[in-house]
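Below: the structure, in structure tokens.
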Amino acid sequence: MKQIKIALIGNPNCGKTTMFNDLTGSNQYVGNWPGVTVEKKEGGLKGHDDVIITDLPGIYSLSPYTLEEVVSRNYLLQNDVDGVLNLVDGSNIERNLYLTTQVMEMGYPVTIALNMIDIVRKNGDKIDTAKLAAELGCEIVETSALQGEGTGEAAEKAIKAVGGAAPKYMRFSSEVEDALTAIAREAGNKVHGMSERWLLVKLFERDKKIADALGLSEGEQAKIEEIVAACEEALDDDAESIITNERYNYIGELMSNAVVKGHTGLTISDKIDSIVTNRFLALPIFAIIMFLVYYIAVETIGTVVTDFTNDTLFGEWIQPWVQEHMEAAECEDWLVSLVVDGIIGGIGAPIGFAPQMAIVFLLLSFLEDCGYMARVAFIMDRFFRQFGMSGKSFIPLLISAGCGVPGIMASRTIENETDRRLTIMTTTFIPCGAKLPVIALLSGAIMGGDWYMAPIMYFVGFFAVITACIILKKTELFAGDPAPFVMELPPYHLPAAKNVLLHTWERVAGFLKKAGTIIFLCCVVMWFLASFGIDEGSVAMVDTEKSFVAYIGNGLAPIFAPLGFDSWQAVAAAFSGFVAKESIVSTMAILSGLADAAEDEPDLWTAVMAFFPSAVAAFSFLVFNLLDSPCLAAISTMSQEMNSKKWTWATILFQNLYAYSICLMVYQFGRVFVGGEAFSFGTAVAVVFLIAFLYLLFRPAKKYNKETVMSVDAK
């Protein structure tokens, strides 16, 4: 049976991903497009074993200005597709049809899914789909991907259209049509096939990549240039503007014939935006919302479930039951200790925090899906540009609040390579879900578990991103203007519970998967290192103070002494965090002899505080593990996205040096001004670090030669 390939294409925020998930369910696979770091998603259509749907990146046009646009048009030009399902946002139909006019010139059978039809109806708009379909020469299906309305019908229509006639393409003015005919004569048989019309338009627009791909000689390109220049002179405009204006004129005619707008005043979204995007209110509102997110998760619902998981499920049921049955089976003491204390206790500590993480992920998913987080990105663009950054960098930062891996991958949307690398280097400063158990444990040890420590650490991470970016932007490697940020603000809507729960589950499942693999191995290794050592010339079970981990920790402790945590237990926990941040909690629980305790248990708080000379030192430890290099999974993703070993190692070095410098100042100044201790040599070093930090932060930015900056070897 021949496989049918359908390309799903549309503007960003048109509901394409929601429709893709609805059509394919879990039967999808994700990779990268060849040669680039743009994500490629394909899936089998539910109920059709022979139909593959490819979710092309969200784009506004088929011009070669972004990686996403290049990927989409190259895919369509390869003729490796049987039909196109074009999603058009019905609530913003005029702008969305611009891409449609280009897709139709590619020559494929096109089916239009007029999406967000529920919002169209709510706004009182009327779209005559029959008249619009007749004008465009293709099927149009009204859909609401969010509500699951019409999605299956749209897919069936797209399959039915395969092998049928290509849709109509728009006619330009007589001057442009004459120019296209002349270009076709000059190009000869080099321009042919289904996409001939689109290729001719691209040559008219002076698309160099298309001219090179077609193998046009210099002479042929020169003659085409003469044709284009003559048309520009006749119409008194440049080629690209001519095509753009004529496309919108054509779309305007379609709108006047088939679309009747209902409300013309301010929408509900406009009224809400007048408050939440207000120049003075936007940032305070965002801060309040983030505090509420963590308050609800840490202090209310999440705490109830977490307490049950830690105290009852693990503390009273699982561990005692396993220990009782293993002892009844006369298992060796070391094996009982490994399973009960090392594995169950070690994994149980971070897993016990999963309910609170789930609440955070649930609330963030709701804010993303309802449209608020798109406004935050807009707000942050205005804020970030004061520091030489783009609002596009905020999207990866936002995603990193769930997990650093997809946060790093989200930097792909940044076209400027310099800004993209800058974002990758700093995005993991934002506390991810894996760091929340660490924050909970240390905030309990320091301040008795006050809920507001979590949002405070979120803003500490945000502050670290800003200061690091300011410093790096003033160096030659990262100098330059930030990338322009164009983003559509979708109308506010109540998210579908199915989508919010799906996003939440994906994030929680990723954490649980890590707990069952990486953290499991960390617990086993840490238990072995903490339980065994050299006794009378051979390896044997020993007290923790004489174990391998104590020996290693004591050897490395002097490095961290200026930061306040020079106990071997704290050093060992910090190093376990380089593998997985959640394992810091597991390691501290194992080393304290309270592996069955939860991170919110006072006994564990007291035991952990014994690892530090003061609360300031414990806070320094917390900040260090917030800002140092991320877990191995995130580093692996970083390496893939950087596509350079040198940049990857430079990033790891920068993150750890930055974390070390900040924590040196935090501890040395904290012990003097908060702890009331005497000024020391370490404090003098911290003063030098502070002066250097302030100089790098506030020194005037030099104007570097752009060519020099762009030619730096990234390999």
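Start at 1 and count along the chain as shown; that gives each residue its number.
Placed from the backbone N, Cα and C atoms, the Cβ positions cover glycine too.
Not measured: the values here are computed from a predicted model.
Lifted from TrEMBL, the feature list:
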type	residues	note
BINDING	10-17, 55-58, 115-118	GTP 1 binding site
BINDING	Asn21, Thr24, Gly25	Mg(2+) binding site
BINDING	Gly35, Val36, Thr37, Val38, Glu39	GTP 2 binding site
DOMAIN	3-164	domain 'FeoB-type G'
TRANSMEM	280-298	transmembrane segment
TRANSMEM	392-410	transmembrane segment
TRANSMEM	422-446	transmembrane segment
TRANSMEM	452-472	transmembrane segment
TRANSMEM	515-534	transmembrane segment
TRANSMEM	604-627	transmembrane segment
TRANSMEM	647-667	transmembrane segment
TRANSMEM	679-698	transmembrane segment
Residue among the binding-site residues Asn21, Thr24, Asn115 whose Cβ has the most other Cβ atoms within 10 Å: Asn115
Binding-site residues listed as Cys14, Ile117, least Cβ neighbours within 10 Å: Ile117
Cβ-Cβ neighbours of Lys16 (GTP 1 binding site) (radius 10 Å): 24
Model confidence over the domain 'FeoB-type G' (3-164), averaged pLDDT: 85
For Asn115 (GTP 1 binding site): DSSP state (helix, strand, coil): strand
Rounded inter-Cα distance in Å - Asn115 (GTP 1 binding site), Thr24 (Mg(2+) binding site): 17
C-beta crowding around Gly10 (GTP 1 binding site), within 10 angstroms: 28
Between Asn21 (Mg(2+) binding site) and Pro12 (GTP 1 binding site): CA-CA distance (Å): 15
Three-state secondary structure, Pro12 (GTP 1 binding site) (per DSSP): coil
Entry from the binding-site residues list Pro12, Gly25, Pro57 having the most other CB atoms no farther than 10 A: Pro57
Ile117 (GTP 1 binding site) and Thr24 (Mg(2+) binding site), distance between Cα atoms, whole Å: 21
Long-range neighbours of the transmembrane segment (422-446), counting only residues six or more past its ends (CB under 8 A): 298, 349-350, 352-353, 356-357, 360-361, 389, 392-393, 396-397, 400-404, 407-408, 411, 414, 453-454, 457-458, 461-462, 464-465, 468-469, 472-473, 478, 507, 511, 514, 577, 580-582, 584-585, 588, 599-600, 602, 604-606, 608-609, 612, 615, 618-619, 621-622, 625-627, 629-631, 634, 638, 641-642, 651, 654-655
Residue pair Lys16 (GTP 1 binding site), Gly25 (Mg(2+) binding site) - Cα distance, angstrom, rounded: 14
Pairwise CA distance, Asn21 (Mg(2+) binding site) versus Cys14 (GTP 1 binding site), rounded so that it is a whole Å: 14
By Cα-Cα distance, the member of binding-site residues Cys14, Asp55, Pro57 nearest Gly25 (Mg(2+) binding site): Asp55
Intrachain neighbours beyond the transmembrane segment (452-472), with Cβ under 8 angstroms and 6 or more residues off its ends: 287, 290-291, 293-295, 297-298, 387-389, 393, 397, 401, 422, 425-427, 429-431, 435-436, 439-440, 443, 446, 478, 622-623, 626-627, 654, 658, 662, 696-697
